[in-house]
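Feature list (source: TrEMBL):
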DOMAIN    500-571  domain 'Transglutaminase-like'
TRANSMEM  12-33  transmembrane segment
TRANSMEM  39-59  transmembrane segment
TRANSMEM  66-85  transmembrane segment
TRANSMEM  123-145  transmembrane segment
TRANSMEM  150-169  transmembrane segment
TRANSMEM  175-194  transmembrane segment
TRANSMEM  215-234  transmembrane segment
TRANSMEM  634-653  transmembrane segment
Amino acid sequence: MIKTRNTLSERWWDMWVAIFAMGVVLIVSWRLWVTEWTGDLYILVFLTFFAGLTGLALGYSKFSPLVAALFSAVYGTFCMGWLFGTTVDLDITWRERIVNHLSWRLQLSIEQFNANQAVTDPILFLVIMAVLLWIMASIATFIIVRQGSVWPVLIPLGISMLVVSHYDQDLARNTRFLMTFMFFTLILVGRINFLTRQKQWNQEGISTTHETHTVLTRAMIILALILVILAWLIPITPQQRTRYAELWLSLIETWEEFRGRFGDILVLETTTDTKTITFFDETMALGSGTPVSEGVVFTVEVTQPPPAAYRNYWYARSYDYYEDGKWTSSPGVVNTMRYPDDFQILFPDWVGGVPAAYSVTSQVGQVNNLYVTGLPTRVDRPVEALTRWISPTEEDLIALLASPELYLGETYQVESLVRVPTASQLRHSETEYPDWLARYTQLPADFSPRIASLAEDIVNMDDHPYDMAVAITRYLRINIEYARTIPPVPAGADPMEWFLFDHQAGFCNYYAAAQVLMLRSLGIPARFTVGYAPGEYDLLTQTYTVRELDSHAWPEVYFVDFGWVPFEPTVSQPALVLPRGSDPGSSDFIPPERGETPLIDDAIDEPIAEMDESPPTDLEEYEVLPPPVEGSTVAWILLIVFLLVMVLAVLILQRPDLFKITIDPLPVLLERLLLKCGKTVPDWLRRWSDLARMSPAQKAYRRLCRSLKILGLPSDPSLTPAERAQMLTRRIPQAYQPALEIVEQYHLDQFSDHLMIQGQSTAAGWQVLRMALKTRLRNIFTKQSIQ
């Protein structure tokens, strides 16, 4: 216990030191916060505060630096997770905030950076800044309290201030923060210097009073203020400014090269500049044209094929409310986060679901639309699910939104249940609809009676709703021409009336809206759905390429026990064909007469159970090419070969004796090259070169001396090698034999011409060093367990 008190008495703990040390580290994070480079920078100030407190507490504690570093890492991880979790404005659990939402955002940002793309989410920058600030702040306060060293910790903090100021060119702001930083720094340096002197005075028997502390503290504050004010008032001539600018540019030249590589992380966008693209928003107007661009929006690889008769419509969103030429969703839509490990949408138990799986790759950046087909059962990324509860245990999907948004090149996996009901099944489905479908029969208050009358003329009112839907589909495909663009709807005209009776031409939005409204006028629930048509299919790779011009809208009709079934009234798209099936209870099926509607096919004869589960392929028609070697594979091979060559070269230069090559070691060659060019040799290179020139016996003796230092034993330069070995063996008796071997080999190397067995001295040196490290660690943990 006495030893513990002595250890604690050696700490540089002082209330003023703690306050001004916290002030210094907080100024750096505060300076970064006021740049407003991105949102949520304020959490870095709180994080730095906790880091400073952690460093103060661990610096004053009895823990060794290694144990203190472990505690700091644990505290830092907790604080960062907690503070970053507070930035998530979602009604989700803390586990989902940290494990799912934040970790996924960070993963996407890292993938963007690795793909040499601009990082669109500031979380990567925030995490890097948080880690750096935690390390700097905790180490700074730890070293100040534990060792009383100021400059080794103030210099990195000051450089950080200068770097931030360099990229935030606000002269007044920079001046305020730099002056404040200098003020706190001067007081901190003065206070530590006073404590150093006080310890010396105490050792000499000179005591100090409380009044002395007060007077000196007041004097330091006044002196610091005077120095800061003088530094601010002293004018700078243009010549001096030029010299300072040249000096600064020379200092940051290396940093600029570094920034050129990592600029995607550091070049952030403010919240006002960040824009997420949404192709299908909460409102969908009929519009006056459809995209004609051939730009690729996304590609889809079929990883588990659906039934052959299934058409892949890439669903984005559906709408139920129509008014004044616009589709929206009526109130009651619920927005919830869904994650890969608990993705579940409680669809009704509709008939005929067959598993299918797709791999979708976005070719557009910062998009939040997620495209699926069928009834999605799993998505391997976080999404916002817009659903509507249709019963206490069932919900219907409105849309899936990527959260965070998709980045360019991101791939996500979708598993779905797809359904291909037969025409016979739909024709014999119930027509008593549940109450929740009432919103899907909504019509505008001023709905045109002409359109309602047209719908009644097209269908046979005694037919099943399926036959009515087919009849309206046939009518629109036969009587309405397709046009990618149309003139504006005349002022005061009903858009649907104008489309059906006057212009009689339009694109998918008008086709789908017309069918939905006509079906609703007949009491049949239907909804307006948007997304993309299947796109261009590659039979060999089983991949769809979906372009902007594939943007599409289509009607979906509800059938009891089967759910929403798509129809295709737009004549520019191939007719949507369902398997015909057989009438229940009929032993002999007789196909119906073919109607006089050449623009839509009859249902095919094969029932769904007999269909192939994958698109038909005939590989014999195609030349099978060997798989190409991708550029990334070649790059990795070249990189591995380059690294192996570099490792071999360094090994030869570092240890030429292993290869029986007569060549100077690498550090010696570097030192000689610098001297030949007239350059100054750095101290670290000189030390490395001296070490490389040492003989094995000298290196072994050097390890013996280092072992004494590790054990905390005094190292008197006047001690002989034998005396050092005796000192070591008194602490570690087991080291007697290797220490004796080291001393003997060292004496032979220095004072004789005898041949030596170099391997013995090298092995003995490492053996002694390992013993010293084990003894030191054992003493540390034994001391802590006793305390």
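Here the Cβ of each residue, glycine as well, is placed from N, Cα and C on the backbone.
Distant neighbours of the transmembrane segment (123-145): 11-13, 17-18, 21-22, 24-25, 28-29, 32, 37-38, 40-41, 43-44, 47-48, 51-56, 58-60, 68, 72, 76, 79-80, 83-84, 102, 105-106, 109-110, 113, 152-154, 156-157, 160, 188, 192, 265-266, 268; these residues of the same chain sit at least 6 beyond its ends, with a Cβ under 8 Å from one of its Cβ atoms.
Contact check: the transmembrane segment (12-33) against the transmembrane segment (175-194) gives at least three Cβ pairs closer than 8 Å, residues 6 or more apart, which meets the contact criterion. Against the transmembrane segment (39-59), stretch 66-85 shows more Cβ pairs under 8 Å than any other of 66-85, 150-169, 175-194. In the domain 'Transglutaminase-like' (500-571), helix, strand and coil residues by DSSP number 21 helix, 30 strand, 21 coil.
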